[in-house]
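> Straight from TrEMBL, here's the annotation block:
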ACT_SITE  99  active site, tele-AMP-histidine intermediate
BINDING   29, 86, 92, 93, 94, 95, 101  substrate binding site
DOMAIN    4-116  domain 'HIT'
MOTIF     97-101  motif 'Histidine triad motif'
SITE      116  site 'Important for induction of apoptosis'
């Protein structure tokens with residue numbers, strides 16, 4: 001897809017990229033919270049915060065963000081998305097390069113951001129075992145949401161496979177929705 005290497009800060013991510021525009025790219029996440037959790041990143045590695053984008057880069061960045069969020073919603077058939085920027089280290093930014101998280105969310109078993117606290121809460125897990133839905137509800141919930149400590153880095157081959165699947169999916173999405181292709185791509 002890319003003729004030149006693509007970096008996320010100092011990390012080479014060329015094989016994880018599934019979309020590239022003039023100033024922006026989208027890639028799969030090393031440690032996704034849920035399936036479909038992807039990132040949108042400016043190609044300029046000197047842009048560490050949102051305010052450092054040039055006007056042209058900013059326009060391209062948000063066009064890409066709108067395209068990819070529509071695609072992820074279609075691809076993962078989610079009901080909603082979290083779209084989040086941690087703008088600086090004090091805001092939780094772990095990699096010094098601007099990036100936006102796109103995270104699929106679902107109506108079923110959706111606890112909003114409280115899900116992270118609930119996963120850690122013993123009482124909540126016990127209630128899932130004995131309450132309505134019992135073990136099946138707990139398995140479904142824990143399969144979907146992993147605490148940070150349980151999220152493991154994926155290997156190159158897994159991320160390459162996902163990036164290729166998303167490239168193909170995005171091509172299909174743009175073919176099925178030419179109005180979106182003409183507007184955002």
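Positions of Cβ are set from backbone N, Cα and C atoms, glycine also.
The model shown is predicted, which means the values in this text are computed figures rather than measured ones.
In terms of burial and nearby residues, how do these features look in this structure?
Reduced to three states, the DSSP call for residue 99 (active site, tele-AMP-histidine intermediate) is coil.
Within the same chain, the residues at least 6 positions away from residue 95 (substrate binding site) whose Cβ sits under 8 Å from its Cβ are 8, 9, 11, listed in sequence order.
Confidence in the domain 'HIT' (4-116), given as mean pLDDT, stands at 93.
Residues of the same chain lying 6 or more positions beyond the ends of the motif 'Histidine triad motif' (97-101) and with a Cβ under 8 Å from any Cβ of it are 8-9, 29, 37-42, 45, 47-50, 52-53, 65, 82-85, 87.
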> Taking Cα-Cα distance, which of the binding-site residues 29, 86, 92, 93 are within 10 Å of residue 99 (active site, tele-AMP-histidine intermediate)?
86, 93
> Within 8 Å of the Cβ centroid of the substrate site residues 29, 86, 92, 93, 94, 95, 101, which other residues of the same chain have their Cβ?
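Here the nearby residues are 99.
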> Which entry in the list of recorded positions, 99, 101, has its Cβ near the fewest other Cβ atoms, using 10 Å as the limit?
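With the recorded positions 99, 101, fewest surrounding Cβ atoms within 10 Å: 101.
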> With the cut-off set at 10 Å between Cβ atoms, which of these binding-site residues ends up with the most neighbours? Options: 29, 86.
29
